[in-house]
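Chemist: Below is the structure I would like to discuss, written out as structure tokens.
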Amino acid sequence: KSSKREWKPLEDHSCTDVPWLLLFILFCVGMGFICGFSIATGAAARLLSGYDSYGNICGQKNVKVEGIVNSGLDLTHKKYVFFLDPCNIDLVHQRIKSLALCVSACPRKELKTLADIQKFAETNGSTLCSYELQPSEYTTDPRAAKLCPKYPVPESAPIPFFHRCAPVNISCYAKFAEALITFVSDSSVLHRLISGVMTSKEIIMGLCLLSLVLSMILMVIIRYISRVLVWILTILVILGSLGGTGVLWWLYAKQRVSASAVETQIAKDNLQALLIYAISATVFTVILFLIMLIMRKRVALTIALFHVAGKVFIHLPLLVFQPFWTFFVLILFWTYWITVLLFLGTTGSPVPNEEGFVEFRMVGPLKYMWWYHVVGLIWISEFILACQQMTVAGAVVTYYFTREKRNLPFTPILASVNRLVCYHLGTVAKGSFIITLVKIPRMILMYIHTQLKGKENACARCMLKACICCLWCLEKCLTYLNQNAYTATAINSTNFCTSAKDAFVILVENALRVAAINTVGDFMLFLGKVLIVCSTGLAGIMLLNYQRDYTIWVLPLIIVCLFAFLVAHCFLSIYEMVVDVLFLCFAIDTKYNDGSPGREFYMDKVLMEFVENSRKSMKEAGRGGGAEGRELKPM
């Protein structure tokens with residue numbers, strides 16, 4: 001049986017879940033095919049160079065599209081896309097509802113009349129009206145009202161790399177900005193916010209660097225303050241629960257005295273409500289005290305694990321930089337994914353629309369490439385995150401199960417990456433695919449909920465939210481189980497299902513310890529995140545208060561605080577990951593070793609003291625003896 005099988009840490013390495021690795025490689029080949037197909041069908045040229053409403057790509061010779069006038073033109077010298085009404089934005093379909101033309105130059109100043117448009121064409125050789133009108137006809141031909149741009153024509157500039165003429169004044173997109181930022185009703189507010197960010201960019205960068213330094217410092221010193229944090233948390237919880245319960249009973253007694261003099265229905269209802277609140281608070285306080293009494297010894301294990309985790313970061317300093325590499329790889333992949341997504345938006349065959357202009361649409365099975373691309377975003381992103389978890393697990397497992405720490409590899413992180421690439425990529429692919437299977441239905445339900453907002457009845461809305469919540473909870477549970485499965489794979493080099501089953505058995509056998517670590521430990525790390533955000537925010541307030549170059553500095557402060565929380569979360573999540581891996585190693589160590597000759601513990605001295613104290617207390621309670629009372633001797 002899996003629960004009876006002996007664990008042999010780091011003794012054997014073999015390839016795991018090879019079929020899943022092959023499936024993942026085939027999936028990535030499919031992602032590459034989508035990219036290649038979109039480039040081969042001209043989507044890259046249409047995206048980068050731009051195209052007009054007749055299907056002509058700007059800056060090159062074009063092929064005639066059957067049934068479309070003004071198609072197949074030679075636009076070699078007209079390299080920029082110009083919209084006749086650039087401010088007419090369709091928020092529903094996310095596009096500009098305007099005739100698009102290829103021009104040789106963007107209007108670099110505002111043109112107020114047709115005469116100005118005609119003069120611009122004669123001076124710069126850039127015709128801003130439709131192709132069938134000559135510049136000499138701009139002011140005389142009655143068709144100019146429809147075939148020439150809406151004036152005044154705003155000052156425009158070409159977008160770098162994408163050859164589109166965009167208005168310089170962002171107030172043109174006031175409607176779009178208002179739809180995205182609901183609190184902006186005046187474009188001047190948006191101007192002041194943006195100017196505040198641009199003026200204080202040096203301070204923002206400095207504060208972001210400060211949050212980075214504070215996160216790294218906190219990871220070093222948390223091993224020394226973990227015990228203090230736990231006791232502060234315990235005292236605050238006790239005082240808060242006792243104080244809240246006492247205040248409720250005091251208010252009830254006071255209301256009862258006053259209600260006897262004034263007997264009204266409102267006073268009786270308030271008195272009854274206070275009694276219910278006071279009784280509920282009392283029951284909650286009693287239950288809380290019982291839970292703390294039961295878990296007080298498990299809290300000591302949490303403190304010990306945090307202390308050992310601090311030592312891990314001293315021996316494995318490259319762990320601190322793990323979030324950087326993961327974030328960098330994710331940014332590269334997301335950039336590639338967005339680029340291909342933009343390619344897909346312009347790929348396909350030219351099709352006339354109801355207005356007589358050209359749209360590029362995919363027909364047949366190819367139109368489902370969007371779904372494949374979206375699944376690729378989720379699966380590959382989860383794969384990258386799972387690689388980080390497996391790398392951290394492999395490095396910490398190597399640290400824990402190496403008796404002589406001076407015999408550790410020169411770079412355990414790189415050794416862990418090497419084992420991941422050589423043996424366990426299939427396991428990571430399978431684990432990340434399971435998370436993808438849960439995440440996709442949840443995202444579909446969230447999309448349906450967004451689309452039906454205000455249209456569905458209360459019962460349907462409640463059921464939809466309940467399904468989303470259940471899928472979210474399932475996703476979090478599977479993520480936690482996956483992380484422990486990766487640790488089991490790093491220890492025993494078993495496949496994903498076997499590792500998940502072994503890890504689940506260990507976690508169930510130590511359920512109370514898991515609960516203590518995931519409550520007390522997570523709250524300690526949450527306090528660390530709050531500390532970093534508050535410290536960075538306070539420094540930001542002090543620095544920004546001395547600035548006089550702009551009116552509003554709320555947005556820079558929000559940006560800094562959000563970045564500080566993101567950085568703190570990335571670093572402390574690595575700390576949390578290390579603690580979880582250490583706990584599973586500790587549970588396996590205590591299950592299969594007892595400190596006797598030949599079965600010596602691998603654990604650190606701090607964890608050894610915890611086990612020794614636990615066995616002494618069990619012996620004093622009359623439940624120890626025999627092997628349980630032996631002195632523990634680490635190697």
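Each residue, glycine too, has its Cβ placed from N, Cα and C.
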Chemist: Of 457-478, 523-544, which span is tagged transmembrane segment by TrEMBL?
Modeler: 523-544
Chemist: Check the transmembrane segment (203-222) against the transmembrane segment (274-294) for contact, please; criterion is three or more CB pairs under 8 Å, pairs 6 or more apart in sequence.
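Modeler: No, the stretches stay apart by this measure.
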Chemist: Within the same chain, where does the transmembrane segment (228-253) have neighbours whose Cβ lies under 8 angstroms from its own Cβ atoms, ignoring anything closer than 6 residues to its ends? I mean 6 or more beyond.
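Modeler: Beyond its ends, the transmembrane segment (228-253) has Cβ neighbours at 222, 271, 274-275, 277-278, 281-282, 284-285, 288-289, 292, 299, 302-303, 520, 523-524, 527.
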Chemist: Between 20-45, 274-294, 300-320, 368-401, 523-544, who has the most Cβ pairs under 8 Å to the transmembrane segment (327-348)?
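Modeler: Result: 20-45.
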